[in-house]
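The block underneath contains the structure these notes are about, expressed in structure tokens.
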Amino acid sequence: MGGEGRLYSIKRWLFTTNHKDVGILYLVTSLYFFIVAGTLALLFRIQLSVPENTFLDAAKFNQAVTNHGLLMVFWFISPLGFAFANYFVPIQLGAKDMAFPRLNALSYWLLLFGGLLMLAGLFLPGGAADFGWTAYAPLNTDEFTPNYGANLTAFGLLFMVASVTVGTVNFLVTIFQNRAKNYKLMGLPIFTWGIFLTVLMMLWAFPSLQAALVLLGVDRLFQAAIFSWPEGGSLLWNHLFWFFGHPEVYIVLFPGLALALDMIIVFSRRPLLGRKVIIGALIAAAILSFGVYAHHMFMTGIDLMYLKLHMFNTELISVPFGIITILAILSLLGGAIKLSTPMLFALGSIAVFIIGGFSGVFNSNPLLDVGNRGTYWIVAHFHYVMVGAALFALFGGLYYWFPKMTGRMYNERLGKIHFIVSFIGFNILYFPMFLLIEMPRRIFTYPAWTDWGPLNFIATVGGFIFGLSHLIMFANLIYSAKYGKPAEKNPWRAWSYEWLIDSPPSEFNFDGIPVVQNGRLMVVSTDGAIPSGNGHHGNHLSPWPLLISFGPFLFLLGLGMWIAQVPFSLPIMIAGAIISVYSVYGWFRDDFSERFQFEEPPETKERWPFTKIHRVKLGMYFFLFGDAVFFAGLLGSYVLMRLENPSLPGGLFLHNIYLGLLGVLTMIWSWLFIYIAARAAKIGDRSLSLAGLSLGILLSLGFLALTGFDWLTTVRLGQGLENPLVATTFTVLLSHSLHLLAGVLVLFYLLMKVWIRGFTGHTKETIDTMALYFGFLAIVTIAIYGLSYLF
């Protein structure tokens, strides 16, 4: 390949928006973080291998454990599942790409830079975060974790949440509106159903973590008193974190579990027994996942009735998983089972899931939970579920889809050796931890008289076997990608739609318009306008997803360095701010000129049940459903702190209620004028639409001014962020104001576009979508006034 070819290749991977390229980027990045997180794990396993070891001191041990947990959960296992989702879900739907290709690329770059932000904390004075992956309060506050790297950890996690938010909206719109014509939801492969339910759980779970992280950021950056407050601070973190944290277990599990079920279908040559029952069980488990989070809080003194409810729900959620497991096993009976490498990993996943799930049922009993909580029994349990069940299935998926992604076969013998060695190593590593039920989780060493040494040594040996076994996989796949035997289009004789197209697929997947007829995918020929082959079309390239992520990355990296008093931090912050502003301008400029246009004709897609809703507006609906949870988390934080601290001065004392009421009315009028602008755009009245947009912008800025004046009133009363009610209210108002500023920026862009170009492209739909957005902000304003001002 010549110099120009290499340059184009680099440009392609930096600026791509094609879903298959983004999937490969997710895959490579997740495996990189797997190596980093796995190395950290081996370091602290060496420390625990013998009593009274001095290989790592307490600080380094805690940093290794914290970063290992965060990287494994957020930057390896979930992104590995979504590497396959990005690559294959659009193909399984009969789509040519995701609904919003640029947002798909943006989601990836936010995830990458979030992980790099977190790793950068290792090199700041004091090191990285060391408060554990659950970041319990008040350990996560500046008083107990002064490490400057902890700030970068919080920033990195916010990047990750932003990535999840963008990706969740994109997947939901794609699944609902980019399916091939006549393709019903119940006909989707189990893997796509697993991704669908996963992103629904993400939609409602991650905003709670976002609320916790924003409050933590205010706590640490502004020396506020939220999670460090003795009356309710720790309990508040528990509620916010575990409302996210327990569904996260199933968010990590579902992609792998669904993939294992699909592989069982293929390699047993039998349909999945009780397919609709399994889908129903997955739906039930996804719903129940939000009702069991308080079993992590049995030791916090929560109300007895609340405790009983979550105890019952924790036992109940084992029922759908029991149904899924039994039906998966029954599906194997009488089948012509072929023990290829993917099938071995699928069966291994189900086997360790049974152990992990069974051990988890004990935690539903408060008495047993008190004894087990904080011990290595819990470590063994969640690793059997989150690592064993999820990871074995996903590694099986890597082998399963490797021929489709590369066009070449892997070495089957090496694949089987990898499974055998990793399965043995995994069980040698984690099963002894069930026997270490008396050993506390968060200790970096232990005395010899405990007799924990032999089991820890065995576990460490297992850790090295398990960790090093993956070198076999890397060697196998890297070599096979270049020198492996050419793969057939469908080497497994599988039934899902990705096996009907070339290996690797062409840029737009299908050389025509996919249509489902009698349960089978047919491709209707076109006039050749849609590119085919392995080329990469220039319209799929955009630099803005990369730059719009890189700018904030530099700014927050510089901010973390500035807080730590590291040289050259200010120039880095300035560079980040400049890149951020320029990249937003560039994104809007491309939209203004309608340079980046990718949308499949709606008439060629199955869009039920949202046939009459434009994709942009549908995406906004999904975003606002999640955003409602975010604001509910912030406002609920104020309410909890108010109830826990009735003697502190509340909203009636802290705020000017008349200014607040005027602000509410101003926000409502702002929304009304934007709504008028949307209605005017719909009938083509350009003048009225411009007037509505202009007044909406002015009134929104007026609301921000009123909020600022009201905050000065609070400051004049001598109430600062050391009051948790003031701090939580400040966080709510800050978040609301940033939402409003983002909305005003989009309105100003639309105003310019309508003024200069009229109602071109999807301008009418975008104005209508912004009316919905500002209506939501008006409702949030009323909620803020009713709770933070009057309560």
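Just so you know, the numbers here start at 1 and follow the chain as drawn.
Every residue, even glycine, has its Cβ placed from backbone N, Cα and C.
The annotation domain 'Cytochrome oxidase subunit I profile' is assigned in TrEMBL to 7-517.
If you look up TrEMBL, you'll see 532-791 marked as domain 'Heme-copper oxidase subunit III family profile'.
Below 8 angstroms of C-beta separation, residues 19-20, 22-24, 26-27, 29-31, 33-34, 36-37, 40-41, 44, 98, 104, 111, 114-115, 118, 129, 132-133, 153, 157, 160, 167, 171, 174-175, 191-192, 195, 198, 248, 251-252, 255-256, 259, 386-387, 390-391, 394, 397-398, 401, 404-405, 498 of the same chain, each at least six residues beyond the ends of the transmembrane segment (68-89), sit close to that stretch. Per TrEMBL, transmembrane segment is recorded for 68-89 (among others).
Same-chain neighbours of the transmembrane segment (109-128): 25-26, 29, 33, 36, 59-60, 63, 66-67, 70-71, 74-75, 79, 146-153, 155-160, 162-163, 166, 545-546, 548-550, 552-553, 556-557, 560-561, 564-566, counting only residues six or more beyond its ends whose CB sits under 8 Å from a CB of the stretch. The transmembrane segment annotation in TrEMBL covers 109-128 (among others).
For the transmembrane segment (148-173), same-chain residues at least 6 beyond its ends with a Cβ under 8 Å from one of its own Cβ atoms are 63, 66-67, 70, 74-75, 82, 85, 89, 98-100, 103-104, 106-108, 110-111, 113-118, 120-131, 140, 195-196, 199-200, 202-203, 206-207, 209-210, 213-214, 216-217, 220-221, 549, 552-553, 556-557, 559-560, 563-564, 615, 618-619, 622-623, 626. Look at TrEMBL and you will find 148-173 (among others) tagged as transmembrane segment.
Annotated transmembrane segment per TrEMBL: 185-206 (among others), in sequence order. Remote same-chain residues near the transmembrane segment (185-206) are listed as 81-82, 84-85, 88-89, 92-93, 161, 164-165, 167-169, 171-172, 175, 179, 243-244, 247-248, 250-251, 254-255, 257-259, 261-262, 265, 272, 275-276, 278-279, 282-283, 286, 289-290, 496, 516, 519, 608, 622, 625-626, 629 (criterion: CB distance under 8 Å, separation of at least six residues from the stretch ends).
Taken from TrEMBL, the feature transmembrane segment applies to 249-268 (among others). Sequence-distant contacts of the transmembrane segment (249-268), counting only residues of its own chain at least 6 positions beyond either end whose CB sits under 8 Å from a CB of the stretch, comprise 73, 77-78, 81-82, 84-85, 189-191, 193-195, 197-198, 201-202, 205, 278, 282, 285-286, 289, 324, 328, 331-332, 335-340, 342-343, 345-347, 349-350, 353, 382, 385-386, 389-394, 396-397, 400, 492-496.
If you look up TrEMBL, you'll see 316-337 (among others) marked as transmembrane segment.
If you look up TrEMBL, you'll see 382-402 (among others) marked as transmembrane segment.
Remote same-chain residues near the transmembrane segment (414-437) are listed as 340-341, 344-345, 348, 352, 359, 371-372, 375-377, 379-381, 383-384, 387-388, 392, 395, 399, 452, 455-456, 458-459, 461-470, 472-473, 475-476 (criterion: CB distance under 8 Å, separation of at least six residues from the stretch ends). As annotated by TrEMBL, transmembrane segment applies to 414-437 (among others).
Annotation comment: TrEMBL describes 544-564 (among others) as transmembrane segment.
With a cut-off of 8 Å between Cβ atoms, the residues of this chain six or more beyond the transmembrane segment (570-588) that come close are 102, 543-544, 547-548, 550-559, 561-562, 745, 749. Look at TrEMBL and you will find 570-588 (among others) tagged as transmembrane segment.
Sequence annotations record features per position, and here TrEMBL assigns transmembrane segment to 653-676 (among others).
Long-range contacts of the transmembrane segment (771-790) within the same chain, counting only residues at least 6 positions beyond its ends with a Cβ under 8 Å from a Cβ of the stretch, are 617, 620-621, 624, 627-628, 631, 635, 638-639, 651-652, 655, 657, 660-661, 663-664, 667-668, 670-671, 674-675, 677-678, 696, 700, 703, 728-729, 732-733, 736, 739-740, 743. Among the features that TrEMBL reports, transmembrane segment is placed at 771-790 (among others).
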